[in-house]
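These features come from TrEMBL:
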ACT_SITE  256  active site, nucleophile
BINDING   30, 35, 86, 122, 148, 259, 324  NAD(+) binding site
BINDING   145, 146, 147, 148, 200, 245, 246, 247, 248, 249, 253, 317  substrate binding site
DOMAIN    310-411  domain 'UDP-glucose/GDP-mannose dehydrogenase C-terminal'
Ligand code: UDX
C-alpha cells in the first residue's frame, strides 16, 4: 500500500520506517525542512535502538521518502497517519492540540474523497469526533503504545492493535496496513472513537499509578524501616498485581506519562468526572525528586552549598537521549540552584542536557564525573553505571557517599568498599534492625 506519515518526530519517524519494513511504500511529511533532509539522508535525529538501521535500509531502497509538502502527500497515498505531538499547554494542564488540528486541516484540504486520515497522537477523549465533524475526509483513531528504547519492537510486535473506526471500509484499510502484524497473532481491538482515544490515556494513567503506588509505599517504608524492593518483589508474585512497572525510585518522567496524566485529569474536569487521584499520582512522583534533594542535603551535613555533587544520568530513562521531564536533571538543577557544584554524566543525553541546562557541569565519562565528588547521585539506571566498581569509584571521589535513586545498585558491595550508601524506600545499612526498629 502507499501510506503517508504526517509528523516525523519520535513517533512518526518510527512509524514510517516500520511501515516500510512491513512492505508498504511510505512518504513521511514534516514542516521542518532540516528534519526532512536528515531523515531522507538516513539519519535519525534522536537515539533509538534499531531505528537507524531500518531508516537507512528503506531510504536506500526508495521504499521510504520524506517531504515537506502536504499536497504531495495527499496525492501519494490513500491512508495518512497523523503522528504530531500533543504537548502540555503553557497555560493549563490540558493538551495543546494546535499541531493535531493543523495537520488534519492541511491533509483534509488536499486529500481526495477516498482518503482515510488516521490519528495516532495521544489526544483528549472527544478529539476524533470533533475532527470528524469538522472535516469531510473519513477519520480513524489508532493509538500507539510504543516505549522509547523499544519503539521499533513495540511497533512491529505490539501487544495489541486498537482500531477506532467509524466504518467497515476504515477497518478493512487498517487491517490491510497491519496485515503482517495481525498474521503474527497480535490481538486486534476495534472500538468507537472515544473508546480508542481512552485506551491510550487509560493505559498511561494506569502505568503512572502503578509507579506512584510503589513510590508511595517507599515513603511508608522510609517512615518504618521497611524495604520497598523486598515489598515490591513479594506483592509482585501475585499475578493480579504482577512484577512489571513496580520499580520504585526517583519516579517517572519523559514526554508521555507526566503530561498525559495531567491532560487526562484536566479533560475529566471538563467532562464533570473526577480523576483527582491522578493529581496525587503526579504529586507522589514529584515528592520522590524532593526526597533525593533532601537526602543530598542530609548527607552533605545540612546544606549542599559548595558541595561537589556527581549526578549519574540525565536521560529520563536508560536507552534514551530524551531529557523531557527528566527526574535526574530536575534534581541536578535544584541542587545547582542551592549552590552545589554539579557534574553530570550520561551515555547518550549529554548534548540535549547541555543545551537545556547550560549551568550544570558535564563530564565525558562516569569516571571523570566522579573525580573529587563529595556526593554521588545515581538517578538514571544505565547498565554501565551498575558496572562501576565501588572500589575504583572510591579511589576517585573525595567523600564516598552515594544515593541510589533507582534501587538497582548492590548496597552490600558499596558498603563493603567503604561507602556511605542510601537508597530510596530502603533503610540505610545499619539504620534499622531486623525488627524494623529505626536506630536514628
Ligand atoms: C510510556 C509508556 O510505557 C508507553 O506505552 C507510552 O506509549 C508512552 O509512555 P516511555 O515514556 O517511553 O513509555 O517509558 P517507560 O518505559 O514506560 O517509562 C516511563 C517512566 O517510568 C520512566 O521515567 C521510567 O524510569 C519510569 N519507571 C518505569 C519507573 O520509575 N518504574 C518502573 O517500574 C517503570
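In case you wondered, yes, glycine gets a Cβ from its N, Cα and C as well.
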Filtered binding-site residues, from 30, 35, 122, 200, 324, whose Cβ is under 6 Å from an atom of ligand 1: none
Integer average pLDDT (0 to 100) for the domain 'UDP-glucose/GDP-mannose dehydrogenase C-terminal' (310-411): 97
In the chain carrying the residue listed as 'active site, nucleophile', residues 6 or more apart in sequence that have Cβ under 8 angstroms from it: 122, 204
DSSP three-state assignment (helix, strand or coil) for residue 86 (NAD(+) binding site): coil
Pairwise CA distance, residue 200 (substrate binding site) versus residue 30 (NAD(+) binding site), rounded so that it is a whole Å: 24
Binding-site residues clustered about residue 253 (substrate binding site) [Cα within 10 Å; pool: 35, 86, 148, 259]: 259
Cβ-Cβ neighbours of residue 145 (substrate binding site) (radius 10 Å): 18
Counts by DSSP class (helix H/G/I, strand E/B, coil) across the domain 'UDP-glucose/GDP-mannose dehydrogenase C-terminal' (310-411): 35 helix, 18 strand, 49 coil
Among 35, 147, 200, 259, 324, the one of these binding-site residues whose Cβ has the fewest neighbouring Cβ atoms within 10 Å: 147
Recorded substrate binding residues, 145, 146, 147, 148, 200, 245, 246, 247, 248, 249, 253, 317 - maximal Cα separation rounded to whole Å: 24
Chain-internal residues, separated by at least six, CB under 8 A from residue 86 (NAD(+) binding site): 95, 96, 97, 99, 100, 121, 122, 123, 259, 263
Residue 253 (substrate binding site) - helix vs strand vs coil (DSSP): coil
